[in-house]
Amino acid sequence: MPSYIVVGGQWGDEGKGSVIAYLALKDEPEVIARGGVGTNAGHSVFINGKKYAVRQLPTGFMQTKARLLVGAGVLVDPEVFFHELEHLKDFNVRGRVGIDYRCAIIEEKHKQLDRSNHHLHEEIGTTGSGCGPANADRVMRRAKLAKDIKELEPYLTDVAAEVNDALDDGKLVLIEGTQGFGLSLYYGTYPYVTSKDTTASAIASDVGIGPTRVDDVIVVFKSFPTRVGAGPFPTEMPQEEAERLGLVEYGTVTGRRRRVGWFDFEFARYSARINGATMLALTMLDKYDGEAFGVTDYDKLPKRAKEFVEEIEERVGVPVGLIKTGPELEHVIDRRENI
């Protein structure tokens with residue numbers, strides 16, 4: 001069975017959580033591993049009308065048959081980790097989750113520095129979760145690791161070994177990325193970026209698999225891209241225009257209002273290229289065309305919505321395999337068998 005990576009193609013908040021949740025339930029992967037930076041990114045999913053938000057654990061938690069893993073490249077905040085174990089107790093997460101023993105730890109001092117540093121908090125617009133300072137400590141080889149935290153002992157494992165063993169055994173592995181391409185430390189709008197790379201290559205490294213073991217890369221794009229905090233946003237629209245279009249959103253972690261823009265085809269093409277996208281997922285098509293809300297058959301999409309999808313495929317050069325037409329898990333058009 002294959003492995004596939006899901007990453008964001010813009011500045012985060014693309015709707016990766018809803019795409020991952022759909023794949024987790026539809027494809028029934030036996031292992032779901034989270035890469036990415038740490039607790040600075042929140043993923044939200046709606047299940048039976050109830051909203052669940054996670055910052056530490058894999059977003060595919062609702063697939064109760066899956067082993068849930070947090071890769072060595074991910075920063076762990078024990079406070080957030082144990083909160084989410086309790087928050088998701090209805091899904092028996094506690095008995096299924098494993099943290100790589102090499103994960104670096106976010107301490108209270110990291111969060112305090114993140115929030116008090118003028119450059120990070122006021123100019124860059126950090127989430128204040130402590131990820132940047134914690135990653136800096138890791139680079140300086142002075143960060144604590146998960147194996148140093150007694151409370152985490154029951155959950156420690158070698159994630160890289162587990163993931164590769166699963167692939168050797170023919171199991172389906174879903175790998176989650178966080179944030180988005182535009183926030184990559186290397187390829188994003190530096191210095192208004194996160195504290196490490198966020199591309200598919202980095203996410204694979206985070207969980208310990210080599211590039212030849214990745215079968216598909218799904219890059220997620222939002223019909224109207226958004227951005228939280230400072231930094232260039234070439235296609236940004238005025239707040240008044242966003243309000244007129246009903247595009248008022250707030251960040252999962254920070255609660256700050258998101259900046260909204262028009263779809264940037266050139267940026268999307270570059271993002272898809274660097275990520276090595278084999279397929280795109282498009283979210284919030286119903287915001288682009290209200291008549292697309294809840295549609296699950298591509299042939300039944302209204303003309304305007306369908307033309308938008310086709311323009312993305314033509315100009316980005318990658319097929320759109322998944323389309324979200326609403327917030328619920330079932331609001332999906334799945335075209336993967338046809339591409």
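Just so you know, glycine gets a Cβ as well, placed from its N, Cα and C.
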**Further IMP ligand in Swiss-Prot, beside D13, E14, G15, K16, N40, A41, G42, H43, T127, R141, Q179, T194, within candidate set R256, R269, R273, R304** = R256
**Asked** How far apart, in angstrom, are the most distant Cα atoms among the IMP-binding residues D13, E14, G15, K16, N40, A41, G42, H43, T127, R141, Q179, T194, R256?
**Response** 34
**Prompt:** Same-chain residues six or more away whose CB lies under 8 A from the CB of Q179 (IMP binding site)?
**Reply:** G8, W11, G12, G36, V37, N40, A41, T194, T198
**Request:** Can you tell which of S18, S44, T127, T325 has the least company, meaning the fewest other C-beta atoms within 10 angstroms of its C-beta, among these binding-site residues?
**Result:** S44
